[in-house]
Amino acid sequence: MIWHVQNENFILDSTRIFMKAFHLLLFDGSFIFPECILIFGLILLLMIDSTSDQKDRPWFYFISSTSLVMSIAALLFRWREEPMISFSGNFQTNNFNEIFQFLILLCSTLCIPLSVEYIECTEMAITEFLLFVLTATLGGMFLCGANDSITIFVAPECFSLCSYLLSGYTKRDVRSNEATMKYLLMGGASSSILVHGFSWLYGLSGGEIELQEIVNGLINTQMYNSPGISIALIFITVGIGFKLSLAPFHQWTPDVYEGSPTPVVAFLSVTSKVAASASATRIFDIPFYFSSNEWHLLLEILAILSMILGNLIAITQTSMKRMLAYSSIGQIGYVIIGIIVGDSNDGYASMITYMLFYISMNLGTFARIVLFGLRTGTDNIRDYAGLYTKDPFLALSLALCLLSLGGLPPLAGFFGKLHLFWCGWQAGLYFLVSIGLLTSVVSIYYYLKIIKLLMTGRNQEITPHVRNYRRSPLRSNNSIELSMIVCVIASTIPGISMNPILAIAQDTLF
């Protein structure tokens with residue numbers, strides 16, 4: 001009899017929870033319509049994979065790409081709508097969040113054609129790969145719109161779990177297994193540190209979890225200047241530092257970049273930075289509003305360390321992927337300048353603009369590394385010597401992306417850095433901007449060193465990898481080269497006409 005009553009109570013409780021979830025989805029589902037498109041794409045992929053006897057690979061690519069493009073269209077369709085808070089305060093929709101969601105969707109859309117030939121050559125499981133990419137994209141989008149500490153913790157875990165699985169996708173590779181283990185351990189530790197910081201905010205604010213309500217709670221409890229806030233700030237900064245690969249929390253980054261499949265590295269190198277930057281901006285700007293001087297100082301120190309260590313260690317690398325890993329550590333240091341400046345001197349606008357350029361520059365570089373690796377089986381920097389003599393298109397496009405990463409005019413990277421540094425200078429961050437300028441010069445050195453190798457024509461320097469290099473006979477049918485062309489155009493032309501891009505970015509301030 002007791003068991004029967006307990007069973008009925010369980011059924012009633014489950015029904016109430018289901019009805020509440022259905023009610024929220026029915027009335028608030030329109031606010032996450034782009035995310036719902038991705039969820040539908042995920043379900044469709046699973047259905048086709050489980051019911052089809054003969055795996056039709058083009059359909060999987062088509063469904064994934066179409067879902068991403070439709071999600072982008074849904075975001076653009078509701079552009080400039082009034083900010084809305086939905087799902088009982090857990091999710092916020094505004095232009096600031098949506099532009100970061102757009103950047104994440106753009107990254108994923110470019111990464112899928114970049115991965116096609118690699119997956120076919122390495123015989124990776126296509127369905128699982130696309131499922132992980134779409135799920136990670138979904139987690140990143142929810143993180144951009146998260147409005148409370150619980151969602152901010154859960155959404156990146158959705159992204160991180162897929163990232164761990166993607167980094168260890170080539171199970172037979174010892175380096176991939178090692179990279180996955182390091183990534184998993186460091187990611188778990190950083191999440192624990194982050195949630196510990198949120199627990200301090202929860203207690204100090206009187207039990208609030210929404211970002212704005214945390215501020216109100218701190219005012220009501222008079223704890224906004226207490227030592228506990230400093231403790232929470234330190235823990236949350238360390239947790240975000242791991243997610244952004246800021247020095248000295250960057251130790252996992254080079255090993256994960258080197259050991260993971262190259263298309264996975266291309267995907268993680270941009271999407272994780274975009275999602276974490278959006279989250280960091282909201283966390284520091286809202287709950288820590290009364291501690292702005294403290295978190296400005298912390299981020300300045302981390303940015304300086306990242307720019308110096310990232311660019312100096314990149315000089316000594318012999319692997320292209322490890323070099324780009326340390327380069328990305330330096331690049332995120334530049335992005336931090338925009339977060340510190342804030343919206344007073346167009347700091348957020350310059351940060352968003354530079355991240356848009358960084359996506360094209362970084363993905364363009366990785367597209368060339370994928371293509372070169374498939375045709376030669378190596379990613380050693382010295383093995384690129386003389387590539388121009390065999391494939392001028394690949395060598396020139398790689399050189400353009402590297403020069404744009406270094407910030408040479410008139411490429412997009414130069415104008416992005418110029419505006420970012422100018423905003424920092426106007427905000428009084430003279431020392432930080434000076435370090436940024438000096439380290440940019442250092443980065444140009446190791447990028448030019450690679451370009452010199454690409455253009456060399458001396459036979460004694462050309463390795464057997466380039467001597468035996470074979471180009472694809474059907475250039476128009478190569479999806480990687482399609483991504484390359486898009487990224488080269490985006491790395492060069494937009495820099496000349498930056499004003500429209502900056503104007504759009506300035507409209508995203510929350």
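Every residue number used here counts from 1 along the chain in the order it is shown.
Yeah, the Cβs are placed from backbone N, Cα and C, and that goes for glycine too.
According to Swiss-Prot:
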- 24-44: transmembrane segment (TRANSMEM)
- 59-79: transmembrane segment (TRANSMEM)
- 99-119: transmembrane segment (TRANSMEM)
- 124-144: transmembrane segment (TRANSMEM)
- 150-170: transmembrane segment (TRANSMEM)
- 229-249: transmembrane segment (TRANSMEM)
- 295-315: transmembrane segment (TRANSMEM)
- 323-343: transmembrane segment (TRANSMEM)
- 354-374: transmembrane segment (TRANSMEM)
- 395-415: transmembrane segment (TRANSMEM)
- 418-438: transmembrane segment (TRANSMEM)
- 484-504: transmembrane segment (TRANSMEM)
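Residues 233-234, 237, 241, 245-248, 250, 284, 288, 323, 326-334, 336-337, 339-340, 429, 431-432, 435-436, 439, 442-443, 445-446 of the same chain lie 6 or more positions beyond the ends of the transmembrane segment (295-315) yet place their CB under 8 Å from a CB of it. Long-range Cβ contacts of the transmembrane segment (59-79) within its own chain (Cβ-Cβ under 8 Å, at least 6 residues beyond either end) map to 33-35, 37-38, 40-42, 44-45, 48-49, 93, 95, 98, 101-102, 105-106, 108-109, 112-113, 116, 126-127, 130, 133-134, 137. Panel annotation: around the transmembrane segment (150-170), residues 90-91, 122, 124, 128-129, 132-133, 135-136, 138-140, 142-143, 176-177, 179-180, 183-184, 187, 191, 194-195, 198, 209, 243, 256, 259-261, 264, 267-268, 271-272, 275-276, 279, 283 of the same chain, lying at least six beyond its termini, place a Cβ under 8 Å from a Cβ of the stretch. Using a Cβ-Cβ cut-off under 8 Å and counting only residues 6 or more beyond its ends in the same chain, the transmembrane segment (99-119) has close neighbours at 34, 61, 64-65, 68-69, 71-72, 75-76, 126, 129-130, 133-134, 137, 140-141, 144-145, 261-263, 266-267, 270-271, 274-275, 277-278, 352, 355-356, 359, 363, 366-367, 370-371, 374, 478-480, 482-483, 486-487, 504-505, 508.
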